[in-house]
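The S-adenosyl-L-methionine binding site annotation in Swiss-Prot covers Gly77, Phe82, Ala128, Glu129, Arg146. Per Swiss-Prot, the feature region 'Disordered' maps to 214-239.
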Amino acid sequence: MTVEWLAEQLKEHNIELTETQKQQFQTYYRLLVEWNEKMNLTSITDEHDVYLKHFYDSIAPSFYFDFNQPISICDVGAGAGFPSIPLKIMFPQLKVTIVDSLNKRIQFLNHLASELQLQDVSFIHDRAETFGKGVYRESYDVVTARAVARLSVLSELCLPLIKKGGQFVALKSSKGEEELEEAKFAISVLGGNVTETHTFKLPEDAGERQMFIIDKKRQTPKKYPRKPGTPNKTPLLEK
């Protein structure tokens, strides 16, 4: 059973999966595959691959960052809910908001949350650039993003949402260090400071991951984020 494989992997990190959590992951997988037939949620559909490359990969940041506390998390561009929904299953006290620009994905997430009986979750159909200018600006303890865009771009989308004293947890593949070097200027301009870098391998040689923890030291200047599309077209880079 694939969920038992996940339980064994997590046990190595002193994390015990309850029966309820096991059932939630099984339901998550079933709904992901069902909905993926009518909309593009993921290219990964093999059961074991989903448990490894989506579920385990989403939970792995908790080996290095304490999510087991009552904090508010915003997940930018989470797609089918990664990493925040697996983290919510593991740590039910988290208050989770997902922002995604595609309404179909929001519909899936609403159905998923209902079926998993998740409390304190909200899903918002918006561009991160406009969301970061609104009432939720600088209101979250933690913002997560998983390989949505280059780190210089992600920083402009995510750092404005974090309250001073909070953290940006950026999850990248093995080329993350190059992106970090390029993004240092943007991170500084936006009020952040890189405090931790973690590199780890997924089980079964499924690839290397890098995780950056960026502390929000100062308020983000009001002009950021710039209008939709601009961060991607012209990232904040040192001239």
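One is the number of the first residue shown, and numbering goes on along the chain from there.
Keep in mind that glycine also has a Cβ here, set from the backbone N, Cα and C atoms.
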Greatest inter-residue Cα distance in Å for the S-adenosyl-L-methionine-binding set Gly77, Phe82, Ala128, Glu129, Arg146: 20
DSSP-derived structure type at Glu129 (S-adenosyl-L-methionine binding site), helix or strand or else coil: helix
DSSP-assigned states of the region 'Disordered' (214-239) in counts, ordered helix, strand, coil: 4 helix, 3 strand, 19 coil
For Phe82 (S-adenosyl-L-methionine binding site), the number of other Cβ atoms found within 10 Å of its own Cβ: 23
Where Phe82 (S-adenosyl-L-methionine binding site) falls in three-state DSSP terms: coil
Fewest other Cβ within 10 angstroms of its own Cβ, chosen from the binding-site residues Ala128, Arg146: Arg146
Which same-chain residues, if any, lie at least 6 apart from Glu129 (S-adenosyl-L-methionine binding site) yet have Cβ under 8 Å of it: Leu157, Pro225, Arg226, Lys227, Pro228, Gly229, Thr230, Pro231
